[in-house]
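Trainee: The active site, proton donor annotation in Swiss-Prot covers His37 and rests on sequence analysis. If you look up Swiss-Prot, you'll see 30-37, 147-150, Val176, 184-187 marked as ATP binding site, on the strength of sequence analysis. Taken from Swiss-Prot, the feature beta-alanine binding site covers Gln61. Summarising the annotation, Swiss-Prot assigns (R)-pantoate binding site to Gln61, Gln153 and lists sequence analysis as the type of evidence.
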Amino acid sequence: MEIINTIAALRHRLDACRKAGKSIGFVPTMGYLHKGHLTLVEQAKAENAVTVASIFVNPLQFGKGEDLEKYPRDLERDSEMLEAAGVDFLFAPGVADMYPRPMETVVDLPGLGGELEGKARPGHFAGVATVVTKLFNIVQPDAAYFGEKDYQQVAIIRRMVDDLAMPVRVVPVATVREADGLACSSRNVYLTEEQRAAATIVPKALDEAERLYKAGMRDTAEMEAALAAFIAREPQAKPDVVAVRHPDTLATLPHLDQPFLVLLYVQIGTTKLLDNRVITIKSKKEAAE
């Protein structure tokens, strides 16, 4: 694996790959990797001749008072993991490489990015869309891989790629979970042992949504209220976002008469955890079988 720190050097190496007719798969990350990231790498490798991963803690997507400074970083550890996983190129730029001067240009999707997690974190998704656009311009991948844990982020990137006619295939990859059901996340490292146990309320709430639906609950507002109350039973959990939405458009749904997305953004201590599940609607025949 070759570690590259500058835009010019990465472009030079990838231009040679493209001239040789090799497809490029791209896995953008902020580092402190876990098995969810490695699953993205595995799929990128399976579908492309060359795999590029990036590690960049992007300051544009952190708001005031968020965890930019304390976000976990360990480039040596991450490099070893990516090399063992078979990545060809690791792009690890510094802030000065990515943003040599203050960014005047911002990519923003205010409709999709201004609600749900975006409402709780103003400006977050504009920062995400801007850095992903820049990374796509640098890497020029054939396909890019993102975890479905960040469901809203994936929806925003897909819409951005479609709106701007970017020649990139966006590939969502299923959420990878720990043994107790908690979604893998770099921020899980913040949790104390007690908080880690409390955090399982998040995947349990997704199970509760399935149970309530199967028990006959069809009103969206009733479902959201029931899930918020379920999460609030855990004293250490504060539900910032409990939303039921259309899985493709993230539009609101008055009634649960089609597949629906349950999206959760829950604070445990000072750590905010994301999770989601698409709950499919079975036909009467399927339900009876």
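Sequential numbering from 1, following the chain as shown.
Placement of Cβ uses the backbone N, Cα and C atoms for every residue, glycine included.
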Trainee: Nearest of the binding-site residues to the residue listed as 'beta-alanine binding site' by CA-CA distance, picking from Met30, Gly36, Glu148?
Mentor: Met30
Trainee: Fill in the CA-CA distance, Val176 (ATP binding site) to His37 (active site, proton donor), as an integer in Å.
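Mentor: Roughly 9 Å, rounded to the nearest whole number.
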Trainee: Could you tell me which of these binding-site residues, Gln61, Gln153, Ser186, has the fewest other Cβ atoms within 10 Å of its Cβ?
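Mentor: Checked Gln61, Gln153, Ser186; of these binding-site residues, fewest Cβ neighbours within 10 Å: Ser186.
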Trainee: Tell me the coarse DSSP state (helix, strand, coil) of Met30 (ATP binding site).
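Mentor: Going by the DSSP assignment, Met30 (ATP binding site) belongs to neither helix nor strand, so it counts as coil.
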Trainee: In whole Å, how far is the residue listed as 'active site, proton donor' from Met30 (ATP binding site) when you measure between their Cα atoms?
Mentor: 10
Trainee: Taking the Cα atoms as reference points, how far is Ser186 (ATP binding site) from Gln153 ((R)-pantoate binding site) in Å?
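Mentor: Cα to Cα, Ser186 (ATP binding site) and Gln153 ((R)-pantoate binding site) are separated by 16 Å.
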Trainee: Round to a whole number and give the Cα-to-Cα distance in Å for the pair Leu33 (ATP binding site) and Gln153 ((R)-pantoate binding site).
Mentor: 18
Trainee: Quick one, of the recorded positions Met30, His37, which Cβ has the fewest other Cβ within 10 Å?
Mentor: Met30
Trainee: Let me know how many other Cβ atoms fall within 10 Å of the Cβ of Gly36 (ATP binding site).
Mentor: 21
